[in-house]
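Quick one: this structure, given as C-alpha cells, is what I'll be asking you about.
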Amino acid sequence: MRSLKLLLCWISFLTLSISISASSDDQFTLDGTVLELTDSNFDSAISTFDCIFVDFYAPWCGHCKRLNPELDAAAPILAKLKQPIVIAKLNADKYSRLARKIEIDAFPTLMLYNHGVPMEYYGPRKADLLVRYLKKFVAPDVAVLESDSTVKEFVEDAGTFFPVFIGFGLNESIISGLGRKYKKKAWFAVSKEVSEDTMVSYDFDKAPALVANHPTYNEHSVFYGPFEDGFLEEFVKQSFLPLILPINHDTLKLLKDDERKIVLTIVEDETHESLEKLYKALRAAAHANRDLVFGYVGVKQFEEFVDSFHVDKKTNLPKIVVWDGDEEYDQVTGIETITQEEDHLTQVSRFLEGYREGRTEKKKINGPSFMGFINSMIGIRSVYILVFLVAVIMMLRSLGQVEEPTGVRTATAVRERVDQATTVPEDESSEHKPSDKKED
C-alpha cells in the first residue's frame, strides 16, 4: 500500500512538473522583440495576443534573411501602439507538419492573426511601411471621436501615408460602409462635437461635412453633401488622389483602380521653379473638373514613360494630352502645348473645352500599355533571373527530374494580393512574385 502511495505521489509530481514546464514555455512577453514560435506554442501565441503578425520562414530562404532586420526594426514600434501588434516567426521548414496544416506553401509567408482570424499579408516589407500597413489593418473601420483633442490625436496617429476622412456632425452609419470598403486605402472617422476651433483648424464653415486631408501632398477638400445616392462615395474615391498627381513608378499603381481619364502635362523637369504658375492653373482646373485626373511628369524624371507619348527633342514642352490610362491618348486639335505668352489657366480651360467638344485626334501610345509599365517595374535583373530559372526548369524536365508543384493559390488569394499591393513602392513589389518566395 505504501509503495502504491509513493508511486501515485511520484506520478503527481511528474504531471505537475510537466504542466509547469509547458505553461512556462507558453509565457510570452510583450517587450518589442520578435517571438520565436514552435509547433508546441503556436496555438497559444495566437490565442494570447489580439493581433499577432507571423513570418513563416525557412532558414535557407534569401528573402527570409533579408526580411529579418525589417521585422526586428518594426517590432518595438508595433508593440508600443495603443492596440499592440506582436511580431513572431516560425521555422516552417522545421515544423513542416504545422506548416502543411495551415497551408504554408511558399517562403516567406506572412500572416496577420486578428483575434485569431488569419489574413495573408502581401504588402510592403520595409520596416516603416510595414508599420503603416499593419496599423491600418487592425484599426476600426470608422473611429468615433468624442472631442477636439481626440480629433487632433487621431490625425497625428494616422500619419502621412494614407488620406484621412473625418465626418464632422455625421452619423457613423453614413460612412461605415465606405470605411469598411476602403479600409486599406484611407483612415475614416466621425466627430460628434463640432466646435468653432475645429471648424477653423480643418477649414470648413458648416456641419455636417466630410473633410478629406491628403497629408502626403498637403491637400484638403470638403464635401457638404448630399450624403446619399452615391455622391458621398464618388467624393471619397476622387479624394484618394491629389488634385494634381506627379506621375512616377509608384503613382502609376494608384491609377490602376481609378476609371477616370488623365489630363497629362509633360514638362522637361517637373521640379523647375518656373512651373509653379502652370501647376497652380492645373490645380484650379482640377477643382472644376473632378471627373478627370490631372497629372504631370518630367522628361528628366521619367523619360521611358514620356517617350510613349511621342515626345522627342523637337517636341515643344509643356505638352498636354488626355490619356485613357492604357494604350490611347487624345490630342486636342490646335492646342498641343502650353505657352508662356498667354495665361496658363486660359490655355488649360481652352484645352478642356476642345476635349469635351470632341475636337481631338486619337493616338496610340508608342510603347507598352499601362499594364506594361506596371510589369516593367520588376526590373531587368528580375527578367534575367526569370529567364535563367525557366531555362533550368526546362532542362530538368527534359531529364524527367521535375514534378509538378502541389501548392496552387486560389483566384481569390491572387485578387487580394493585387489589391493589397496597389500602393507598394517599386522596390517592394518585386518581392511578392510566387517565383520569388522560395529559392535555393
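Counting starts with 1 at the first residue shown.
Cβ coordinates come from backbone N, Cα and C, glycine included.
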According to Swiss-Prot, phosphothreonine sits on which of T15, T109, T160?
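Residue annotated phosphothreonine in Swiss-Prot: T160.
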Of the candidates C51, C64, which does Swiss-Prot name as forming a disulfide with C61?
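Of the candidates C51, C64, the one Swiss-Prot pairs with C61 is C64.
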Rounded to a whole number, how many Å is the Cα of C61 (active site, nucleophile) away from the Cα of R125 (site 'Lowers pKa of C-terminal Cys of active site')?
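Cα-Cα, rounded: 15 Å.
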How long is the line from the C-alpha of R125 (site 'Lowers pKa of C-terminal Cys of active site') to the C-alpha of C64 (active site, nucleophile), rounded to the nearest angstrom?
11
List every residue in the same chain as C64 (active site, nucleophile), at least 6 positions away in sequence, whose Cβ is under 8 Å from its Cβ.
D55, Y57, A58, F107, P108
